[in-house]
């Protein structure tokens, strides 16, 4: 499916704003249209979005349009004056400037602003009287000479106007402009008597205009420039809203100085005006003030809280619907209440954080040691102007949604919703979702991506990836899903930053578990990461992205790269462990690793080129690292010659030291490009795919030198670089010898070892106390024999002098140095060869060690020491050519030790045409046994058999087409000899379903001069107006009509199917050759469309004909029915010379040829490598087809096309045969041609009229009247009075005008047939030979492949191609479709022509008595049979359309029949639906389930369980009955059972160990005894509840883990020997022997609380005294009898059950394989605070694994289809009449059926997935009890839902059978009595509750049946049914008991029940009197229709038999009454069959 979006902005009906002229960032085909400020002009705009969805497969296009209105209004003028709200000025000159005022949109120039000034006295002694305007300012302050009020300047000169001291004057300013709201501002001017003080005013650096302020911003005020603020200054808040709590000057103020005030954000949050004043007391007598006044507008608030002004917004204003669910299965919607804001519209942004457990995101720090970028995965799932989101997919886990409601000016309110849990889906649901989501045709991923909506696109992808990561963490196999997501991510074309982060996050999540990342997924992921880095580089050019955004995206991409490296390593190790040296997996690993390193090269460009130039720091770097891979990108100076040491951040101690950066860069970076290095360290080997990677046993480090975007090659350094990297933990296990010994000073200790690796360096390291023994140490190394001081190969003396130690500068001025007691023998010096390490002849090496010298031997001191002898190699990886680890240019350094490797290297890298067909051996093929491999022969014969059957049909169809080819003359129509009065009318019936008609068509032609009489288009010799038919008629008028203007068409609505779909009518004038088109494409039917059967169709001009719709239909129809070889076999035009038989024969040849070429090249394309990817503009494109595959296609076409095109050419262009000349002859009697009678009014002379046959259609003729016999298949004419000259001239004129079309000779068709049979035989013959040579398996594979591809191509690909061709033709070719077939002419005397006599005519064919004869009769004669209708007399047929009243009656009758048929169909469909439900329900149930339940109860519970009444008896039952029963140890004959996993019946097996689950009260005092009774006991206990449950973890004996418990009791272990005569193993017991026999897990588990992790799959148990959920302290009793008894004894000894135990639940899952039944056993013992123990038991037996799984799956699929149909049906009803729909009771029943049906399927599949997991886990010897328990619980829910579904479905039959009188009466009784019954129920309920409460109070403490309200209500309800215990009531109270019983019975039985029956019977009697409703007419309709049809059929059969028995040669006269009867019969039979 292709989805496109187009935005348009329209200012008026005619003016459309061109969006192409908008700025570049406005994208008009995106899901969102973002218009920047000042983009649109002022005015009202209509914004329209057009969404087009195309489905090319079916040629369907849907267009949706949405509109909204947008008004662009101008901003008000921004008025600004200097000085803000108030300022102090000394007397003198005062200036007030408003020149900075402006219009925000810059639409009004400043010179067009008008200024209105006014002044008023605020504090002014004896103010003068002023008038508004500028005069008031002059009167108060006096205007100076520099005033320019119209220019925005006021100059006050107080010297000209004496102003009192300390006066305050408010100067107001209003600035206006035409068409804009005015701006207002003011300033208070304070006069000061001390002129030396100067002015005093405040300014806001960020806002120059008082009156507005955003609360979340910081308030920053400072003194204006030039203000003398020396002296004391006091800041104060002089105005604030009443609700404002005040300004905390200590906590709220960030900075306060003499001249500055900074208040932190979110202090001024209360709406209202604030005024901040600064007062200067430099001269206390004349204080100066400056004020800043601003308005705070509150943040958006919910509408319902508008009056409350809450400090915090509660989270319940927004909600998630549904509140929980399953990720990817359920959709979620976030809905918020309406919010209000004073400014205007509000925007809602919704986001949530994804928390994938166990996935580490990379840390990114840039610049330098800055704060790490946040790496939380936050999905912005919605941003819009409505307060609800669309349905969303949300990732699994505990989700917290954050909603931001923001206003246009930046104010916002944040709501954080309460966390909710989203469960993981099943792996099957994940696969299904992924396939649908990423479907390239209809999936939302690519649709949204095409609309450039990256955020929406990747929110679903990240959700799916989160599920993949979660399931992978649980151990599920996510390989398929990972492959699918990775493959689709590789196809994404990134568009923006959201796309980069979305793709990177998706890859990061799906590749988190390397064992599930296949080779293809690695390659696709690496490509995606490279694309992501590339797009990020493009977006961040010139630091255009914020640093934090770049860092976040980098973290996601780098984490994904780390995962790809790890997956490559894991998969490569797996391959190499299997001994594989080359495989497709290793190649994929290589490609993925290489591409990922290329992606990291792009990362260098992002930071070095794009980001770092904005910083001046010389040591700038970026750190990106995870726990396994570390990366640093550092900027360098190319001219820097100082030594450099490179390290990485994170847990790393590797480094690279280089002599200088300039030595590395050399002359390669002198152009001013940004230079730097990339240092990488990996704690694993990403090049594990290399064949010699087994040699690498250390971290892999690498250093790359970057100059611009190039990586410089570095080699041949004069001074090597030093690399230090860490060894792997196990890298020296086989390469190191450790000798721990001691030696006397002066003695030589010799040690023997072998070399393991050739060309490695050898190191020896000593570890001893060198300070205690500071002597020199001498080492000798010798091959083959122990060394001596005189005989050795190598020697060294330690320690190495300090000045000779190798040192490297380190951090903080420190340095690293090699060990002084280590000896290194370089690889070239020791020269270990292959012979030295040969496993069969290894060289012996001996190392001798001596501490001190021989003179020190006398001291006798012993030196303990440890000698390490290990090998080291340094290698680098050759990435470009060999992909192998190599060692040239590198040597081992002296700092190598047992933990690190030191390498010194002189270069930089990472350390650590024609395709032959299948050969055919003809001799071997001939010798093969065809019976063993008959595949090819069967396929060839099957094709030929189909061809033969098709030829029979095609031949008959060709013969029928002959009658359709010619032009028909209307019966009784006189043909005017004037050709200008003759018209050829061609009628095209559409291809719609049931488009053909049985009615008679009449039309009237209207011209500019005249109109024709009504022309009834009839032809008794053929069937007219069938679906897709083209019928031609030759008519004439008395006078020429002129230019045709329109036509009127109608039909008489006769026959069994009168509905007609007319495509078009084409009328051609015989004289002028002018063709006129009348396009219709509408229904003429009372039951279709608008119900009209009479229409006026105007003439269609060329513009109408060439419209896309008409051209498309014409072209597609033409290509389908004539152009396409296969489809035209069925739709071949009747006039085409290319017959159906010929077309079918061409198909045979084409099919055989295709089979041959297909088998010739079968499998040849797999012999070649896939094509190399194409690289263009940085993109990597994988060609869909390789060159060999292309060559195969070309070669196949070269073999197939020539011969098949030649055959089709010969058949289509060859003449049909030699034409026989027509001769005029006298017809013999009986020839089927009879003389015509003279028409009335014409003179009858004695001359006999001769009848002849003419081939010239221009010959004027008179058609025989209807009552006369008419010869058919030829235009038969009668010699008229016209002379021959007219006839000849017409003939000559016609021949000259038309000419002859070029054609091949008639014998060309024989050549075509010869080619058909020869080519078909050859192709079929060699196809069979190929199959014989292939062998059976390959031949069957080829046959299956070929048939599948052929069917797919024919029925899927070819129709799409035809549609595409038609679309392209209609779009680019504006010419009508030409008719290539010959024009309609009379049939010639050729071989196809058959002259029928009057008895052989199709209209005279015998009807016969068989069913086939009847159908033939109806088919051939229906045009005549339904020519009349009782409603439409024959004489009115051609003069006027049917009467409108009759049509209205027919429409009503048709609607009623459809309604009744729909009712019957509804009954049948719903009956089938209920049948499917029943089959589903009872197919999976077993009648043995009940008996197994009883058997299990008898075995497990026995008699001992009923005796459990305390803790001691419980343990006795466990040890004596439960464990021996569930773990049998003996057969019935006493023989020992090896595996005790069967019950005593030897049939039922426990699938897991018995589990004990305890729920107990928490420790501590939970209640208090009343004070007056505390002397009895101070402690008490309570009942069990969720609040009192203990969920803490303990150690043995219920001791808290953080408490200590000491005991000094002796522990004795005295084993007890088993009885010698017993064959059963008895566990060892004793005082404390049991604990010594238990595992650590068995000792800890009983005391640890088990929180049930799955809230969805856990079900509580409802006991008698509490509800117990799935958690608790669980103890498995072992899988053998001995282990079970040991555990039980241990628990009993340790007091596992004590006074705080409230319930013990015994759970066991059993399976009987013989009956295939599972039993879930749950036994509960409740220990209450009453001291008594209550027992409960539940055994649920189900068949969880079905044997007829395929049948059940098919039934559920059918059930799902039914439910889907019901949903669609109910949705249509709801949208059509919503109020009536919701009021109907049966509507709710239908909705209940749908809801329960959907829930049933969902619960079933959930249970089945749990069963599958349990089966897999059981195979892997895991615990399955919890899974099976969950499955059983869900299966029970499924059974309950299925029961409700069957119940509701069955009850609906009451509604469906409403046409039955009794059912109808019952339904209406229930409906009409509902209100009185409801009122009665209320009264009865009150009375019942009265007796219930009385019974509970009277007998609640005595009788079990009345212990609480519920049991009392139950007892009274059963009492009404006659079930009661009267004696118990008497025992309860001998007076009150009987009294309550009799009063209750009288009230309920005799009074209320009688009233209830009276209500129902009254309504029923009323409804039974008048049952004649529309619903009750159904039975009568069916009965009458059936009886009439049967009766008429019997009468008609009798009449027809009589007519057929007459043997006469007389002319056939159709019996209209007879045919009318059969028309009615057929009509009635059709209606009955439809019912």
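Quick reminder: no glycine exception, Cβ is built from N, Cα and C everywhere.
Remember, TrEMBL labels are computer predictions, not curated facts.
The feature transmembrane segment, as given by TrEMBL for the ranges 936-954, 955-973, 974-992, 993-1011, sits at 936-954.
The stretch that TrEMBL tags with transmembrane segment, taken from the ranges 1258-1280, 1281-1303, 1350-1372, is 1350-1372. Check TrEMBL against the ranges 1728-1747, 1788-1807, 1808-1827, 1908-1927 and you find transmembrane segment recorded for 1788-1807. TrEMBL lists transmembrane segment at one of the ranges 1231-1255, 1306-1330, 1381-1405, 1406-1430, namely 1306-1330.
As a whole-number mean, the pLDDT of the domain 'PLAT' (981-1098) in this prediction is 87. At the 8 Å Cβ threshold, with sequence separation of at least 6, the transmembrane segment (1306-1330) lacks contact with the transmembrane segment (1788-1807), having fewer than 3 such pairs. Just going by CB pairs under 8 A, the stretch in 936-954, 1749-1768, 1788-1807, 1877-1899, 1944-1965 that sits most against the transmembrane segment (1144-1163) is 936-954. Counted with DSSP, the domain 'GAIN-B' (794-921) comes out as 16 helix, 48 strand, 64 coil. Mapped onto DSSP classes, the domain 'PLAT' (981-1098) shows 1 helix, 59 strand, 58 coil. Counting residues 6+ beyond its ends, the transmembrane segment (1877-1899) has Cβ neighbours under 8 Å at 1905-1909, 1912-1913, 1915-1917, 1929, 1932-1933, 1936-1937, 1940, 1944, 1947-1948, 1952, 1955-1956, 1959-1960 in the same chain.
Panel annotation: around the transmembrane segment (1944-1965), residues 1865-1866, 1868-1869, 1872-1873, 1876-1877, 1880, 1883-1884, 1887-1888, 1891, 1916, 1919-1920 of the same chain, lying at least six beyond its termini, place a Cβ under 8 Å from a Cβ of the stretch.
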